[in-house]
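**Student:** Under the heading domain 'TLC', TrEMBL lists 113-311. The annotation transmembrane segment is assigned in TrEMBL to 21-42, 78-98, 119-138, 158-179, 191-210, 216-237, 249-274, 280-304.
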Amino acid sequence: MGIKGKKNSTKSPPMFSNEFIIQNHADIVSCVAMIFVIGFFVNATQPYAAPFVTLQHNVTELHAPVVTYTSGVRDLCFIFFSTLIMIVLHAILQEYVLDKLNRKVHLSKAKHAKFNASGQLATFYALSTLWAGSILNNDGLLPLSSLWAGFPGAPHNTMLFTEKLFFISQIAYWLHMYAELYFERVKREEYVGRISIATVHVVLFLLAYGLNLWRIGLVLSLIHYLDQTLFHIARLAHFYGHPASEKLFSVWNLVFLIARLLTISLAFLVFWFGLPASMYTLRVAGLSLIGATQLYMLFSFLLFQVKRVRQWKATMQKSSKSGKGGKDKNKATKLASFVDRSLPEADQTQLPPSPMAVRTAIDEDTLKISPKDAHVKKRLKARA
């Protein structure tokens with residue numbers, strides 16, 4: 001008889017099934033993105049592929065020293081292509097960085113998902129913070145008056161290459177979060193939270209980009225991303241069990257409050273005092289939208305802190321009760337050992353019987369006496 005070969009236990013999922021798409025979504029999306037790239041280099045399809053691969057709405061004047069852009073409808077094509085790139089980058093970071101870090105820590109399934117989410121967001125927030133800071137430094141946006149001076153005309157109605165690419169990348173990143181709900185097998189209970197966060201970011205960046213409010217949007221996103229970077233770094237340190245996590249969370253508590261104060265102050269300064277008085281609707285709507293988001297974040301922060309304090313008090317009460325129970329047991333044990341040591345050596349091994357036990361023993365002895373022995377005892381008493 002021939003020896004049968006070992007069957008392969010790991011079967012690949014069927015083609016185009018949900019499991020197949022989830023396992024190979026990065027390869028599938030990268031192939032779709034490559035179609036646009038190849039089409040851009042082919043003369044016949046270049047006019048159709050160019051809006052997906054290159055920035056559109058170039059308004060640079062002839063012999064101008066720098067290239068400038070404006071916003072428009074054709075930017076939707078580049079946003080779609082950038083969303084595909086974000087999905088691929090998300091998968092690369094997950095496979096080559098976060099999965100290797102996950103092997104070093106033993107976490108539950110719920111904490112494993114939170115660790116991956118914090119790793120992705122910490123990387124994105126950190127890179128976006130550095131990018132926004134470099135734009136503010138290199139493009140001459142540091143004077144505070146530049147946030148509203150000349151609005152809605154120049155220089156607010158045009159953007160440089162890095163500024164336009166920054167906003168499109170932000171919109172594309174938060175759009176790709178909708179697809180990650182399916183690729184990451186996110187639970188339905190988490191849909192509302194993730195979708196609401198992604199939607200708020202997409203709406204705010206689209207409004208800032210389309211209404212030429214990209215300068216104030218850039219500054220506010222820098223402030224917000226800075227405190228979120230610190231939060232997710234502290235969260236990663238907490239999952240790793242690093243002792244510095246508590247200090248990082250304490251620092252983040254202070255940075256979060258400062259960031260909310262700066263955001264509301266800058267928004268009030270720009271929208272209420274900086275923008276022209278003729279744009280009353282834009283001023284009120286912008287200030288109300290930013291104020292509502294900041295108040296909601298502050299409310300969620302305070303609610304989270306109150307919940308943590310309650311949990312801390314509950315754990316302290318449990319520990320104090322367990323400590324009292326342990327003390328009572330120790331006292332009882334010490335008292336019993338003291339009583340044993342105070343008795344004589346013979347009594348330590350056998351305590352004196354109780355009256356009930358003595359009476360029971362006498363009754364048992366009485367029952368054991370036979371009738372003949374009892375008659376003999378009566379005759380002896382009579383003779384006496």
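Using N, Cα and C of the backbone, Cβ positions are placed for all residues, glycine too.
Bear in mind that TrEMBL entries carry predicted annotations, made automatically and left uncurated.
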**Student:** Quick check for me: are there 3+ Cβ pairs below 8 Å between the transmembrane segment (119-138) and the transmembrane segment (216-237), leaving out pairs under 6 residues apart?
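**Tutor:** Since 3 or more Cβ pairs under 8 Å link them, the transmembrane segment (119-138) and the transmembrane segment (216-237) do come into contact.
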**Student:** Which residues of the chain, 6 or more past the ends of the transmembrane segment (249-274), have a CB below 8 A from one of its CBs?
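**Tutor:** Non-local partners: 144, 147-149, 151, 216, 219-220, 223-224, 226-227, 230-231, 234, 238, 282-284, 286-287, 290-291, 294, 297-298, 301, 305.
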**Student:** Do any residues of this chain, six or more beyond the ends of the transmembrane segment (280-304), have a C-beta under 8 angstroms from a C-beta of it, and if so which?
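**Tutor:** Here the qualifying positions are 200, 204, 207, 211, 213, 220, 256-257, 260, 263-264, 267-268, 271-272.
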